[in-house]
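So the structure is just underneath, and the comments pick up after that.
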Amino acid sequence: MKFEDLLLEIGGFGRFQILILFTLCLPRVNLPMHFLLHNFLAATPSHHCAIPHQEAFVNLTTEEILLISIPREPDGTFRSCEMFSQPQFHLLLNSSLQPDNDSVTQDCQHGWVYDHSQFTSTISTQWDLVCEQRGLNQATATFFFIGVTMGAVVFGYLSDRFGRKAMLLLSLVCSVVFGMLSAGSVSYSMLAITRTLTGVALSGVSLIVLPLAMEWVDIEHRTFAGVLTSTFWSVGNMLLALTAYLVREWHWLLVAVTGPCLLSIVCLWWVPESARWLIANGKVKQAHKHLLRCARMNGRKDFTVSVEALRRMRTEKKPGEGYSYISLFRTPVLRKISLCSGAVWFGVAFSYYGMSMNLTGFGLNMYLSQFVFGIIEIPAKVVMYVLVNRIGRRQSQAWTLILTGLCIGANIVIPKPFTSLRSVIAILGKGCSEAAFTTVFLYTSELYPTVLRQNGMGYNSFVARIGGALAPLIFLLDDVWRSLPEVTYCGVAVCCGSVAFLLPETLNVRLPEGIEDIE
């Protein structure tokens with residue numbers, strides 16, 4: 001007897017599974033509130049060099065002081081990173097005049113003055129992460145995703161070794177601790193370290209929630225389970241926009257997005273360990289208890305199964321065989337799956353975060369952009385629910401990622417004045433990007449056997465987070481060529497989407513239990 005047959009006997013999608021799904025959706029809401037927090041945590045308001053007081057300025061207005069102290073851009077706005085070495089008083093007579101030939105501009109010498117109309121404070125204004133320090137500001141997101149990358153390796157292994165539930169609880173507790181520590185950061189170094197550790201902890205949540213839900217659901221409802229848990233990511237996206245709109249001070253914003261983890265910790269005590277994992281690791285008595293509980297809650301009171309029957313279902317390891325990340329590359333079919341899925345995950349994450357962290361690039365208010373980007377993901381998921389069951393996982397994965405790249409590419413050639421058209425294309429691309437992300441979680445969890453599922457998810461998440469860590473740094477390439485970041489996102493998305501065609505189809509296929517089922 002296979003575990004899928006056992007699930008049908010106890011109710012493959014009854015009250016028990018529905019409660020598990022909705023409980024596991026709670027921590028999913030928290031993920032985008034941290035993963036996309038950089039948009040607001042490190043937002044850089046308009047700014048200019050601070051001008052020291054001089055006796056000659058006594059009778060001048062603020063606008064006049066700026067006029068004689070700060071050079072202008074061609075569009076008439078004041079430059080953010082330069083000031084005149086000497087006040088240009090002649091500009092008071094005619095602001096269209098050029099500065100004296102012997103005058104020179106210099107970098108800001110006395111700090112910066114920021115526009116606080118939109119943000120009370122951000123890490124940019126707190127530690128002057130602008131101009132020459134702009135790279136450190138972008139690096140904050142990279143540090144977080146480096147943490148997520150490390151966490152993918154750690155929690156991928158640990159959840160296969162010690163169980164899904166225990167590691168999920170551990171990751172949530174650590175998320176609360178490090179999230180609150182980052183809110184109390186007193187230096188940039190402390191923030192960088194604590195955000196990195198927060199990324200490590202949250203990686204466990206990202207990695208474990210979907211496989212734990214999928215391992216309790218029958219074949220027929222796997223797609224629904226994957227799309228439902230993914231939908232709560234979009235809810236978190238919209239809640240982030242609302243939270244950031246209401247909380248404009250970065251310390252309290254970190255507290256606001258970390259607090260809900262406490263609710264998830266409380267609710268998760270009810271969720272049982274994966275019976276698949278328990279059986280695969282020889283803990284059949286615990287699996288037996290959870291299966292009987294599931295049958296009772298689903299109204300299958302006549303269900304009986306012996307501990308010995310469960311023990312016979314266990315996939316036996318060969319003498320001396322252990323499962324690790326190396327196992328993903330030992331056999332030919334698994335090796336091909338791992339290499340191709342890694343490339344797809346990189347492309348999905350790289351393009352998704354490239355679009356998500358460019359909220360001001362499409363002509364909308366950044367809070368509205370965040371909310372719209374979140375709400376457009378929900379119909380994208382509904383469409384994917386139909387597509388992955390009609391045309392299959394492989395075609396859906398490939399074309400959603402390719403279309404994401406094409407939308408990014410289209411906005412390179414559409415002129416800036418066409419704001420409405422650029423916004424529509426960007427929203428369409430964001431929808432395709434989220435559809436690709438929804439599919440890749442579902443697809444990957446079906447590609448790997450139970451004994452290696454979390455190792456496989458951990459490896460792919462590791463590769464994806466490398467993409468996530470690189471995505472914000474790519475924006476710095478606009479110093480080389482203004483459109484180079486978008487060209488990079490477009491090219492990577494199209495190439496990685498094409499790799500998905502090399503993966504096997506998993507539509508209506510049983511979840512593999514051991515490596516021999518794959519090979």
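Every residue gets a Cβ built from N, Cα and C, even glycine.
Worth saying up front: this structure is predicted, and the values here are computed from it rather than measured.
Annotation comment: TrEMBL describes 87-507 as domain 'Major facilitator superfamily (MFS) profile'.
Tertiary neighbourhood of the transmembrane segment (141-159): same-chain residues 34-35, 38, 42, 167-168, 171, 192, 195-204, 206-208, 324-325, 353, 357, 454-459, 461-462, 464-466, 468-473, selected by CB-CB distance under 8 Å and a gap of 6+ residues from either end. The feature transmembrane segment is assigned by TrEMBL to 141-159 (among others).
Residues or ranges marked as transmembrane segment by TrEMBL: 166-186 (among others). Only residues 6 or more beyond the boundaries of the transmembrane segment (166-186), in the same chain, are considered here, and those with a CB under 8 A from a CB of the stretch are 27, 30, 34, 151, 155, 158-159, 194-195, 197-198, 200-205, 208-209, 212, 251-252, 254-255, 257-258, 261-262, 264-265, 268, 273.
If one looks beyond the transmembrane segment (192-212) by at least 6 residues along the same chain, the residues whose Cβ comes under 8 Å of a Cβ in the stretch are 20, 24, 27-28, 30-31, 34-35, 139-140, 143-152, 154-156, 158-159, 164-165, 167-168, 170-172, 174-175, 177-179, 181-182, 185, 225-226, 229-230, 271, 274, 441-442, 445, 453-454, 457-458, 461, 465. Per TrEMBL, transmembrane segment is recorded for 192-212 (among others).
Under the heading transmembrane segment, TrEMBL lists 224-246 (among others).
TrEMBL lists 252-271 (among others) with the feature transmembrane segment.
Annotated transmembrane segment per TrEMBL: 337-355 (among others), in sequence order.
Taken from TrEMBL, the feature transmembrane segment applies to 367-387 (among others). For the transmembrane segment (367-387), same-chain residues at least 6 beyond its ends with a Cβ under 8 Å from one of its own Cβ atoms are 32, 36, 39, 223-224, 227, 230-231, 233-238, 240-242, 244-245, 355-356, 359-360, 395-396, 400, 427, 430-432, 434-435, 438-439.
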